[in-house]
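According to Swiss-Prot, the transmembrane segment annotation covers 11-31, 56-76, 91-111, 148-168, 179-199, 207-227, 293-313. What Swiss-Prot lists as region 'Disordered' is 326-350. Marked as compositional bias 'Low complexity' by Swiss-Prot: 333-342.
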């Protein structure tokens, strides 16, 4: 039968995790191509360096993910227990929150590039070429700026990869081993194909349209990640309270904390084996069939923070200072020095003119 060689739950899990990864990676690659691949020798060199950072981040995340997965499998078959499962939600929540913060900062920077494209080209080139000086105050910040295109893909691939390994391992207990390889490969290929389409579309679109669309997409993912991170931390707290994994009880009573629940539906669970694609909504939008106060409030707080942040940035661009801050006034000493310099220049010019006028033969 088809289900003996192709497990649909495994395909959905792998496709969901791959999709979230390729969205971020394809946006980064398309952004680099739009911004830096203009034929200039210096910019082309910077473009190749940053593109290499993206792929190195993907490869490093995949390598660490494979090491962690091998360790988990080894511990499971040696000790007979899943050591990751006991604190899975803590790790997932921390990774989600960290990724949301990084994507938020990068999204704001992406949106400003349309007006500051030339400045960003120079800034990226300088960040790549300038060495990191040990012991300086901004050493870590400079390192993050220099290798930003490595850090985000690394964290994304690591988080999604470990999550996929854990979910696939859980699904395979109810499916034959031969039903796993094919859906894993198909999920990776389909997710990669969607990423390639996003990359090609982003590379050929007008820069400002691409920046707006990609930033909106990144913020949707980041908002979902932020909400999922808070939800995972609350889910771990509930697991500790009941002394087990609440997900194993299904979607009915006992699978959620009724005192901390805003809504709950006994279907549409993103973690169920027959989720019917709800896992994709969970990956992109942060959907949960059992919403908690923390997950809903954090989702709304995230968007309020983003709106306030962009309003503040806009105010700073138009007014020259932040809200509730006094406008910068010109330094009188600087003005006096500049005016005296100008007056000296005028006096010198007049003196030179008099000398020329009084010269013989003038």
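For all residues, glycine too, the Cβ spot is worked out from N, Cα and C.
Proximity of distant same-chain residues to the transmembrane segment (91-111), defined by a Cβ-Cβ separation under 8 Å and at least 6 residues beyond the stretch ends, is recorded for 24, 31, 84, 148, 151-152, 155-156, 158-159, 162-163, 211-212, 214-215, 218-219, 221-223, 225-226, 228-233, 236, 302, 306, 309-310, 313. Residues 20, 23-24, 27, 30-31, 34-35, 96-97, 99-100, 103-104, 106-107, 110-111, 113-114, 117, 282-288, 295-296, 298-299, 302-303, 306 of the same chain lie 6 or more positions beyond the ends of the transmembrane segment (207-227) yet place their CB under 8 Å from a CB of it. The stretch with the most CB contacts under 8 Å to the transmembrane segment (11-31), chosen from 148-168, 179-199, 293-313, is 179-199. Outside the transmembrane segment (293-313), and at least 6 residues removed from its termini, the chain residues within Cβ reach (under 8 Å) are 100, 104, 108, 112, 219, 222-224, 226-231, 233-234, 260, 262, 286, 322-323.
Sequence-distant contacts of the transmembrane segment (148-168), counting only residues of its own chain at least 6 positions beyond either end whose CB sits under 8 Å from a CB of the stretch, comprise 10, 13-14, 17-18, 20-21, 24-25, 28, 32, 50-51, 53-58, 60-62, 64-66, 68-69, 72, 84-85, 88, 91-92, 95-96, 98-99, 102-103, 106, 180, 184, 271.
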